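K.L.:
I am attaching a structure below and will ask some questions about it afterwards.
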Amino acid sequence: MKTVTVKIETLSHDGRGVGRLNGKAIFVEEAVPGDVAEIRITGRQPSYEEAKIVRLIDSSEDRVEAFCPHYETCGGCQLQHLSIDAQRKWKASHFYTALSKAVNMKACQIEAPLVGHDHAYRRRARLVLGKNKTDKEARFGFRAKGSNEIVDIEQCPLLTPALNEALNQKRTAVLPHASRALKEISVVDADNGIFWSDQAVDSSTWPSYGVNGLTLNFPAQGFVQVNAEMNEQMVNKALDWLDLNKEQRVLDLFCGVGNFTLPIAQQVKEVVGIEGETDLVQMAQHNASRAHCEQATFYQADLFKDVTPQNWFRKQKYDRVLLDPGRQGAYQLCKGLGQLKADKIVYVSCNASTLIRDVKELEKQGYQLKKAIMVDMFPHTSHTEVMAQLIKTGKKPKQRGPGIFKL
């Protein structure tokens, strides 16, 4: 198949290199801005094309050798070929550029990204056991790039040492039981041991983790941030942005087991945590009791439905609101947040696009974006965590403008 030469100019939202040929964008796998490469087209769409590198003619100064032997086949990482500094610069720039195109940033301060270690940071993983269709060999590892095949993994440089040790032990036990029916098995490196999803856990041995001097239990198969170091930084940034005191009432939406709620409780008069999953509410209540946090109260509610009739919402006044929804965001919920008349809102998200959408809605209710930051929760992947702080002004949104950048 014919090859063409292209210079890579930027990165797409998913970390692919982007060049242009005959006025059309070309998305090139594992390409870095500054690369000049001979490429082969692998897919054509009306407005863009997709390609793979055949040969590098000139390498970008930001290009590095991938450190994992499975990088070319494993679907876990997307950016190991890009230096860690360049990764973080791209993630921050991509977020701030998208934000500035959508909302008023004239009064917004862009804070320097929160960063930490980029190896051995993952305390949670989801693995797959099964036999591949092609060679019928039993494998235990991660899904391959762009397919349901399994990449057999003995060690992952992003996992904590304890997880890698547990992974090797688990392989011996499960590989003889592999079949064509793929089985997902998750594992977490908790502060009190290794917990596998296929092993029963009772209340006396719930997994736990620490944050801000507190110990929080969580369900063995439930959510916990994969990066303990960055979670601590993120919680402390939220506390700083909330600007708390002992006279305040705070509402924590999508509170989980109390990751933000209980650190907030240490600094305020009252904090109310709302979560959709009953088992997480019960776990949060347990964590509050264990920590003697009488200031914290938890309720179960479907936050994707109308919550205005709920007692914790109706005719209530909160000084601060924090929300940390999943990837789908909280658009419907944000439509009613103005009724609470909170002076400040801190929004935490693993999906920049839904955060931006919801910030636009909060602008309509008289809130102004004051601070934004990228949190590098997932180094060497195209994923990131982002945060925004808004204050109540009562004014309608003005025209968009650039923020105050501190990269």
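One is the number of the first residue shown, and numbering goes on along the chain from there.
Note: Cβ is positioned from N, Cα and C throughout, glycine not excepted.
Model, not experiment: these values are computed from the prediction.
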K.L.:
May I ask you to find which of C68, C108 Swiss-Prot records for the [4Fe-4S] cluster site already listed with C74, C77, C156?
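P.N.:
That [4Fe-4S] cluster site, as Swiss-Prot gives it, pairs C74, C77, C156 with C68.
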K.L.:
Swiss-Prot records Q225, F254, N259, D302, D324 as S-adenosyl-L-methionine-binding residues. Which of E275, E277, E361 is assigned to the same site?
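P.N.:
S-adenosyl-L-methionine site check in Swiss-Prot: besides Q225, F254, N259, D302, D324, the record includes E275 out of E275, E277, E361.
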K.L.:
According to DSSP, how is the domain 'TRAM' (1-55) divided among helix, strand and coil residues?
P.N.:
0 helix, 34 strand, 21 coil
K.L.:
Please work out the number of neighbouring Cβ atoms within 10 Å of the Cβ of C74 ([4Fe-4S] cluster binding site), leaving out its own Cβ.
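P.N.:
Other Cβ atoms found within 10 Å: 20.
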K.L.:
Could you give the mean pLDDT over the domain 'TRAM' (1-55), rounded to a whole number?
P.N.:
95
K.L.:
Between N259 (S-adenosyl-L-methionine binding site) and C68 ([4Fe-4S] cluster binding site), what is the CA-CA distance rounded to a whole number of Å?
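P.N.:
It is 32 Å, counting Cα to Cα.
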K.L.:
Pop the Cα-Cα gap between C156 ([4Fe-4S] cluster binding site) and D324 (S-adenosyl-L-methionine binding site) into the table, whole Å please.
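P.N.:
Here the two Cα atoms are 29 Å apart.
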K.L.:
Just the number: how many Å between the Cα atoms of C350 (active site, nucleophile) and D302 (S-adenosyl-L-methionine binding site)?
P.N.:
20
